[in-house]
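Engineer: Before we start, here is the structure in question, set down as structure tokens.
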Amino acid sequence: MELLAASRACIFFGLVTVLDAWGVQQVELSEGAWAMIDGRDVLTPTNTTTRVTKAWTFLETPPGCAGDISVKKVCVSHSLCEDNIIIGKHCNLLTGEHGIALAEFNVVNGSLRRTDDVYFVNGTVFPILAETRSVLQIHRATPSIAGVYTLHVSIDGMMKHSVVLLTVKKPPKQPQPQPRLRVKTPPPVTVPQVPVKTHTDFVVHGYHSRVYRDGESFELSVNLESHIVEPSFSAEIQWYYMNTSSSSCDLFRVFETCIFHPTAMACLHPEQHTCSFTSPIRATKILHRVYGNCSDHGNSWPSRCHSTLLGNRLYFIQPAQNRVDLLFKDTPASATGLYVFVLLYNGHPEAWTYTLLSTANHFMNVLTDVTRPRLGEHFYTDLGHKIITPHPSVATTEELGAWTRHYLAFLLVIICTCAALLVALVVWGCILYIRSNRKPYEVLNPFETVYTSVPSNDPSDEVLVFERLASDSDDSFDSDSDEELEYPPPPKPAPQLPPYQFVDGGDAPSGRSGFKVWFRDTPEASPVPLHKPTLQGPDYSRVASKLKSILK
């Protein structure tokens, strides 16, 4: 913008904006109106275009200067004339131009693609920077939004501008109908009826973000407007704080539903609790003002009614004179976070707003979400454990240990179960191994093997052969036949070797077993039997054979 000062006697001085092809728009709105203002930035990227940057800026019109601002055509030469904004000399323009939106785009396949954007909005003006169009959306216009809105577009370093001069005027009053005069009857008197509100209404207007420097002082205002119909009421003004300096979220959400239902389970234990503001119970209360019995119905009731100040206020935060806003003095970098204002009327939340205060390094996007947050998969069930945002002046975090105890108990149960299964598998394997090596028909003999004679395979040696008797009824053990048993002659005694004789398998004649046998040096004399067996004694070999065959 250029400031024009007349060297001769002139009646005005002007603020001139040098524009490119898009010119100046003059928009006039009535107070409370809604509007959509086009920025007229029709862009056609060329083949050489690589980067496009768009920005909205705002220059506020000082109070009392609305009538001294106009749009006129200023000619630099005979062939170059452009529209410019002229401000009269009676208007003291001391305000600065502020950025309210910024977006960066890249050109991909001949079209724009958004890469980064940031918006500084309040509840009335919503700047929009899109790939094809840029607009200003006005909700319920107020005199405070009047001023000059400039759209800056940079295409590979070449700047273009589009200016909107916005003025807000009060709606014209409706003319009162004149009563008709009649000769015979007196004219009726009509009294205009003023609509009376039957309910209490609170409105807040404030910016949702502010970037500050370390050590800066400023005021955080919510612009509270009140309309109260009850003769007496109670109210509470609460300020909450949530630290966002350590958050790595691309988008921070503020759930409006949880402001009105702070004790809901999904609000107390939300999903991604570090990236959202849900229940005020999870935040730190930095200011709490209670009004017990107030009967003032104007907008100044917070400062006129008696109140009690509670809460642990920070050393760099002071309550403003109107007892609603906050004054920040020598603000440190640790004060970065989300500050939420809540107004309770007769115990119920009626109005709320938020502002993100941050340094340039910790700035993030904040979005208001009117849905219910999702419940976290693992939320804290012990009522003694509270989730509280740490104090902004103390750079400490509160460790949450409930989940550690739960996971350790779960891990211990798994280890015990695995150990029990392992022991059971080992026992079962041993049982299978014993069963596989066991002989089902083996007869266990507790006695050692005893040889009664020297083993030999000489056919001349008699060998006791156990034969199973034929299954004949005549030969049965229980047979009643009187047949006499035939007793064969007794066997001849085997020749005895002389003492100290060594039998070697190598010198043994053919047909021998080949066993090596050692005898004692002094052979023991065989005991003399008590009864000398008779030569013709009975032979029980057949009976023994039958018994053995039966026992076998």
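Quick reminder: no glycine exception, Cβ is built from N, Cα and C everywhere.
Under the heading compositional bias 'Acidic residues', Swiss-Prot lists 473-486. Feature annotation from Swiss-Prot assigns compositional bias 'Pro residues' to 487-498. Positions annotated as disulfide bond by Swiss-Prot: C249-C275, C258-C267, C294-C305. According to Swiss-Prot, the feature region 'Interaction with gI' maps to 65-91, an assignment based on similarity to another entry. As annotated by Swiss-Prot, region 'Acidic' applies to 470-478. Per Swiss-Prot, region 'Disordered' is recorded for 473-515. The annotation motif 'Internalization motif' is assigned in Swiss-Prot to 451-454 on the grounds of sequence analysis. Summarising the annotation, Swiss-Prot assigns signal peptide to 1-23 and lists sequence analysis as the type of evidence. Annotation source Swiss-Prot lists topological domain 'Virion surface' at 24-410, citing sequence analysis. The topological domain 'Intravirion' annotation in Swiss-Prot covers 428-552. Swiss-Prot lists 411-427 with the feature transmembrane segment, giving sequence analysis as the kind of evidence.
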Engineer: For the disulfide-bonded residues C249, C258, C275, C305, which Cβ has the most other Cβ atoms within 10 Å, all shown protein chains included?
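Structural biologist: That would be C258, with the most Cβ atoms nearby.
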Engineer: For a quick check of packing: other C-beta atoms within 10 Å of the C-beta of C267 (disulfide bond), how many?
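Structural biologist: There are 24 of them.
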Engineer: Around the C-beta of C294 (disulfide bond), how many further C-beta atoms are within 10 angstroms, looking at every protein chain?
Structural biologist: 18
Engineer: Whole-number Å distance between the CA of C258 (disulfide bond) and the CA of C275 (disulfide bond)?
Structural biologist: 15
Engineer: Check the DSSP secondary structure of C275 (disulfide bond), expressed as helix, strand or coil.
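Structural biologist: Reduced to three states, the DSSP call for C275 (disulfide bond) is helix.
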Engineer: Through the lens of DSSP with three states only, how would you label C294 (disulfide bond)?
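Structural biologist: In the DSSP reduction, C294 (disulfide bond) maps to strand.
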Engineer: Considering only the disulfide-bonded residues C267, C294, C305, which residue has the minimal Cα-Cα separation from C249 (disulfide bond)?
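Structural biologist: For C249 (disulfide bond), the spatially nearest of the disulfide-bonded residues is C267.
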Engineer: Give the mean pLDDT for the region 'Acidic' (470-478) on the 0 to 100 scale.
Structural biologist: 45
Engineer: Measuring Cα to Cα, how far is C267 (disulfide bond) from C275 (disulfide bond) in Å?
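Structural biologist: Their Cα atoms are separated by 13 Å.
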Engineer: Would you mind reading off the Cα separation of C305 (disulfide bond) from C275 (disulfide bond), to the nearest angstrom?
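Structural biologist: Cα-Cα, rounded: 38 Å.
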